Protein chains: 2
Amino acid sequence: MSAFDDLLAFQRQTEALSSVAERLGWDQETVMPRGAVEQRSEEMAAMESVLHERRTDPRIGEWLDQAQAEDDEDQRILDLIARDFHRAARIPARLAMELARQTSLAQGIWADARANEAPQDFLPTLNDILMLKREEAAALADGGDLYDALLDDYEPGTTQAEIAALFDAMRPRLVALREDVLGAEYQPQALKGDFPQETQLRLARACATAYGYDWTRGRMDIAVHPFSSGRWQDSRITTRVVETDPFNCIYSTIHEVGHSSYELGIDSDYAFTPLGRGVSMGAHESQSRIYENQIGRGRAFSGWLYQRMSDAFDGLSVPDADAFYATVNRVTPGYIRTEADEVQYNLHIMLRFDLERDLIAGRLDTDDLVEAWNTRFLKDFGVAVDRPANGVLQDVHWSVGLFGYFPTYALGNVYAGCLHAALRAAVPDLDRFLAAGDAGPAVEWLRENMQRHGGLYPPRELIERATGADVSELPLLDYLEEKFGAIYRL
Amino acid sequence: MSAFDDLLAFQRQTEALSSVAERLGWDQETVMPRGAVEQRSEEMAAMESVLHERRTDPRIGEWLDQAQAEDDEDQRILDLIARDFHRAARIPARLAMELARQTSLAQGIWADARANEAPQDFLPTLNDILMLKREEAAALADGGDLYDALLDDYEPGTTQAEIAALFDAMRPRLVALREDVLGAEYQPQALKGDFPQETQLRLARACATAYGYDWTRGRMDIAVHPFSSGRWQDSRITTRVVETDPFNCIYSTIHEVGHSSYELGIDSDYAFTPLGRGVSMGAHESQSRIYENQIGRGRAFSGWLYQRMSDAFDGLSVPDADAFYATVNRVTPGYIRTEADEVQYNLHIMLRFDLERDLIAGRLDTDDLVEAWNTRFLKDFGVAVDRPANGVLQDVHWSVGLFGYFPTYALGNVYAGCLHAALRAAVPDLDRFLAAGDAGPAVEWLRENMQRHGGLYPPRELIERATGADVSELPLLDYLEEKFGAIYRL
């Protein structure tokens with residue numbers, strides 16, 4: 001066995017163990033008895049300990065020194081392993097353990113503080129985590145920018161300067177579009193009615209099938225916060241049901257099908273290697289967004305959905321497929337990121353991006369975070385935050401140490417805009433299929449041009465290879481203006 | 001930290017990882033997408049590799065040399081860790097891997113051979129496994145008896161000589177009872193009808209609840225072959241549904257509740273230590289058997305069940321609770337161990353015990369196994385085996401290397417007989433509760449006198465402490481003769 005083979009055999013087992021750890025997380029959120037919380041936390045900690053030991057195993061350094069790549073694919077595998085190894089090696093074991101311990105505790109403290117509308121109960125904990133993350137960032141940055149070092153975990157190769165420039169370019173057109181839309185004379189109706197759980201789930205399954213979700217390699221369960229989990233031969237989705245709002249279930253499902261499809265679409269030869277997973281959070285989100293928004297909330301697919309829902313619920317409160325299309329794309333003022341429409345979503349991200357950059361840079365103290373959030377929200381959205389659960393306490397991310405994660409959602413939207421433009425050019429009659437409830441040709445194009453490559457290319461290169469053009473915010477902005485201009489009759 | 005503390009901290013993580021591996025098995029049999037088989041096999045192999053490395057970690061030997069026990073409980077923990085360590089150390093890594101690989105493959109080959117009624121497709125594989133098990137037994141036995149070395153994995157401290165003596169004592173009375181019962185004038189009716197899945201599952205849940213199954217630390221799913229899985233805060237049961245035979249679902253459920261109750265009933269201080277699990281397969285089976293048979297198929301509980309089933313299915317084909325009691329205890333000739341009644345079950349075990357002892361000792365070749373099985377079955381049961389799936393191919397055990405496991409089922413029955421006699425003496429008004437669908441007082445007695453101790457005492461000592469008497473086959477035989485004598489009006 002060569003050093004390369006030894007390294008890959010070792011990595012293969014690490015990948016398998018990491019997949020097991022992820023499966024435990026799925027189990028916890030879907031089927032685990034509620035009395036098993038402490039036990040599961042000890043099981044997860046044991047898995048993390050094994051994984052940490054493997055990721056920092058000094059033999060990896062020796063194999064990397066000796067391994068020879070025979071082609072670009074092998075070289076990329078070596079680069080990805082080296083990247084993870086050097087990142088892991090830079091973080092002292094004490095810090096890694098302390099971060100794992102604190103973030104595990106903080107999640108519960110955050111949830112209680114949110115339920116009690118009591119940010120003061122959470123902010124000291126958040127400060128502890130922030131200090132640990134700054135320490136981690138300093139260890140990783142090695143003299144460079146702290147925020148960039150964290151961002152690199154989620155969107156390798158991207159910098160905050162690039163993202164700031166992108167967001168600066170997006171903001172004026174998004175703000176103007178929102179103003180026009182909210183001030184328009186025509187306002188779409190909300191959907192009214194009562195929508196039984198079983199029917200919603202049946203429809204959600206039909207939607208997943210419409211996108212070619214492979215039920216022999218996946219399944220759907222209910223979770224409080226929908227997520228997708230797993231890869232290769234087993235990527236599962238979850239959804240939730242709100243009996244007054246069927247779109248919650250349906251579009252959550254389609255979103256998660258996007259994530260799972262990406263994992264299931266990766267070349268099976270890459271399984272158990274670092275190429276065998278989505279290359280970045282932004283790339284991942286591009287798939288969930290294009291499935292959910294550009295395709296799922298488009299006129300053609302929503303027309304099919306209108307018919308299916310009318311049949312399933314024995315009539316709907318909106319009169320026809322055009323009105324329904326407007327309804328699924330309705331823009332309303334709101335506090336919550338996860339409930340935001342396509343027009344306003346990225347503005348929610350920009351707020352978080354700026355605040356977390358200030359926190360990491362030490363320009364903002366957690367003591368001043370509530371005020372900073374509320375001031376900024378009023379400025380950006382023209383509405384005062386009414387209560388902490390609708391403001392700074394709404395997202396779990398910071399409590400679990402996810403600083404640098406938020407901008408990847410907006411990057412995903414930008415990538416989705418680029419991919420959608422290229423997809424439409426490549427498959428001009430796509431709407432004909434979508435109108436019949438068949439997203440197959442869209443999925444096939446995405447699979448062929450993007451998903452199958454897994455981790456082979458860095459994120460930006462991946463999108464540029466797929467689209468044949470530079471990554472740019474323009475396709476997304478053009479799409480939004482055209483779509484919402486038409487819906488709101490601007 | 002003392003050597004004892006270091007050893008226990010290490011063991012704690014091993015126990016947590018072993019619990020994760022078991023959870024993967026549960027996932028595979030209940031919720032895993034069917035396309036994930038190869039991936040799961042690689043994940044399981046990775047977990048096994050980590051566990052094997054930990055179980056043979058040389059530091060365990062050093063810690064054991066230095067560790068001081070402060071009381072009997074600590075000493076028992078050290079003894080159990082030492083026992084597993086020395087067993088694991090005696091088996092060469094090559095042999096352990098080869099056994100894991102072969103048995104994993106053999107299970108599929110066995111299933112295909114059974115489906116095709118083709119023992120010749122399976123016997124060469126079985127021979128490979130037998131040779132490996134003999135090699136393993138020789139490594140473990142260290143000059144002692146091969147079969148005893150294997151048996152020790154499932155029922156520590158018991159020998160084949162003891163079991164053979166026990167079986168010799170049981171056989172004449174069991175054979176005589178079977179003869180009387182099958183020849184009796186009165187024969188109970190079979191239950192006829194169609195029993196919808198959802199109603200069966202609702203009844204099964206009600207039965208589990210009647211035994212105090214803790215739903216906050218468990219759940220019930222459907223599996224092809226019912227099993228229970230997990231411990232401490234999370235022990236799950238599975239069941240199956242045959243729409244023409246509701247007893248299959250109901251009594252499988254109660255049986256698995258017995259196994260899970262044992263695990264959930266262990267003192268929570270023992271979690272993540274070697275004391276935190278049932279002490280042997282025989283001890284385990286004693287719980288599932290007493291839940292299922294002595295309690296579940298008793299007159300009082302079956303009277304309650306009769307009423308519940310009559311209500312749920314809107315009438316039953318048997319006229320009253322007495323007839324129903326006879327129906328759930330119906331004795332009929334049959335080939336299949338898992339479908340056998342209380343009278344004949346142990347005779348099925350005796351056949352397997354003798355054949356597998358001959359295989360391990362080299363007195364019987366796999367080439368001659370079919371003939372040996374069929375000859376013995378005709379002798380013991382008076383009926384010729386009609387096809388291999390009803391004969392030598394019916395059980396999965398040998399294909400996965402479980403030689404020495406079968407006798408623990410019969411030992412479980414013997415233990416259950418002892419426990420039941422003591423329970424009845426301790427709780428004279430038990431039937432009053434059982435008749436109302438409340439097995440609580442029985443479960444409490446078993447928990448207090450047996451379950452909570454986990455691995456603290458060796459199996460035989462555990463039963464003798466609980467019952468205040470030597471382990472003996474007599475309570476079981478007396479119980480069977482009395483019960484079936486009454487039912488069959490002998």
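Cβ coordinates are placed from backbone N, Cα and C, and glycine is handled just like the others.
Look at TrEMBL and you will find A:GLU256 tagged as active site, proton donor/acceptor. When secondary structure is read from DSSP and collapsed to three states, A:GLU256 (active site, proton donor/acceptor) falls in the helix class. The Cβ of A:GLU256 (active site, proton donor/acceptor) lies under 8 Å from the Cβ of A:PRO226, A:PHE227, A:SER228, A:ILE237, A:THR238, A:THR239, A:SER288, each of which sits 6+ residues away along the same chain.
Long-range Cβ contacts of A:HIS255 (Zn(2+) binding site) within its own chain (separation 6+, distance under 8 Å): A:PRO226, A:SER288, A:ARG289, A:TYR291, A:GLU292. According to TrEMBL, the feature Zn(2+) binding site maps to A:HIS255, A:HIS259, A:GLU285.
Apart from A:HIS255, A:HIS259, A:GLU285, the residues listed for Zn(2+), the same chain places the Cβ atoms of A:SER228, A:GLU256, A:GLY258, A:HIS284, A:GLN287, A:SER288, A:ARG289, A:TYR291, A:GLU292, A:GLY412 within 8 Å of the centroid of those Cβ atoms.
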